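What TrEMBL lists as active site, schiff-base intermediate with DNA is P2. The domain 'Formamidopyrimidine-DNA glycosylase catalytic' annotation in TrEMBL covers 2-115. Among the features that TrEMBL reports, active site, proton donor is placed at E3, K60, R264. Annotated DNA binding site per TrEMBL: H93, R112, R155, in sequence order. The feature domain 'FPG-type' is assigned by TrEMBL to 240-274.
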Amino acid sequence: MPELPEVETVRRTLTELIVGKTIESATVSLPRIIQRPDDIKRFEMELIGHRILEIGRRGKFLRIVMDGLVLVSHLRMEGRYGLYDKSDPVEKHTHVIFHFSDGTELRYKDVRQFGTMHLFPAGEEFKSNPLAKLGLEPLDSSFTADAFREAISKRSTKIKPALLNQEYVVGLGNIYVDEALFRAGIHPEVPANELSTDQLDLLYAAILTTLREAVEAGGSSIKSFVNGQGEMGMFQHSFQIYGRKDEPCVKCGHAVEKTVVGGRGTHFCPNCQRPKELINKAPIKRTLSNRSNKSKEVRE
Ligand SMILES: [Zn+2]
């Protein structure tokens, strides 16, 4: 699933490709993608004649801002946008087409059909779902160490699910949460309210570094993610912990383990990310050769 860096990459690409274009008409062939308004014909009608002014992002949602309208789009598992000429054959799984006045088309393809679109009058989009309850935006100037501590430090849930909760901080998914916790040296199952101020500050810094590096690299290309121009992201080459089960930890050499936290496959180093009760104990001596492999395969 695309996380903040991937959606940010799509946002930047779409900005280059479609800002300034005017929608002549729109065609929806899979009604369930359109969550608002209820009526597909109204969705198609409302878009006619609107010019695209900018592409924004809130968490993992794209905001396609037009004169007077905003389209909020979530790619979910495998949604993708691509710019085509109207004479190009329409590929399978294309569910929504925005026909522009210059003869090009923005096409939305989604094999899994989980993606969503909500159309709002401009400015209204923040007042209702899906954007209304979203938490802190990590790449925004309002995301300070104080704001992060305030959002996280009173939660009694484990830190990993707390970071995945989009009502506290947006944009982080399974991959970047594992990466940030590893970089901060924090065990994914420590209750959020048991983290010290120092640990929360380390985690705050780790989230920023991880996301910034990933955005810089153009997002990850795990599974089928491709940005709007068909370019693959490059960040998967920089993963320090995610997807590295049984490989040596980049910090200490201990085998990386995979477990399940809050129903999600979770990578961590048992030596560098100790639960609280083990923090002052001697380093774990288990090595790659003698460890037993009890990890279960779960969804990513
Ligand atoms: Zn380690």
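The backbone N, Cα and C atoms fix where each Cβ goes, glycine too.
Since the structure is predicted, the reported quantities are computational estimates derived from the model, not experimental observations.
Taking the Cα atom of each, P2 (active site, schiff-base intermediate with DNA) and K60 (active site, proton donor) are about 7 angstrom apart. Taking the recorded positions K60, R155 in turn and counting surrounding C-beta atoms within 10 angstroms, the largest count is reached at K60. Of all the recorded positions listed here (E3, H93, R112, R155, R264), E3 has the Cα closest to the Cα of K60 (active site, proton donor). Spread of the DNA binding residues is 41 Å (greatest Cα-Cα distance among H93, R112, R155). In this structure, the recorded positions P2, H93, R112 were compared by how many other Cβ atoms lie within 10 Å of their Cβ, and the smallest count belongs to R112. Secondary structure of the domain 'FPG-type' (240-274), assigned with DSSP and counted as helix (H, G, I), strand (E, B) and coil, comes to 0 helix, 12 strand, 23 coil.
Across the domain 'FPG-type' (240-274), mean pLDDT in this model comes to 96. The residues of the domain 'Formamidopyrimidine-DNA glycosylase catalytic' (2-115), classed with DSSP into helix (H, G, I), strand (E, B) and coil, number 26 helix, 49 strand, 39 coil. In this structure the alpha carbons, written CA, of E3 (active site, proton donor) and R264 (active site, proton donor) are 15 Å apart. In this view, the densest Cβ surroundings among the active-site residues E3, R264 belong to E3, judged by other Cβ atoms lying within 10 Å. Taking the C-alpha positions, the distance from R264 (active site, proton donor) to R155 (DNA binding site) comes to 19 Å.
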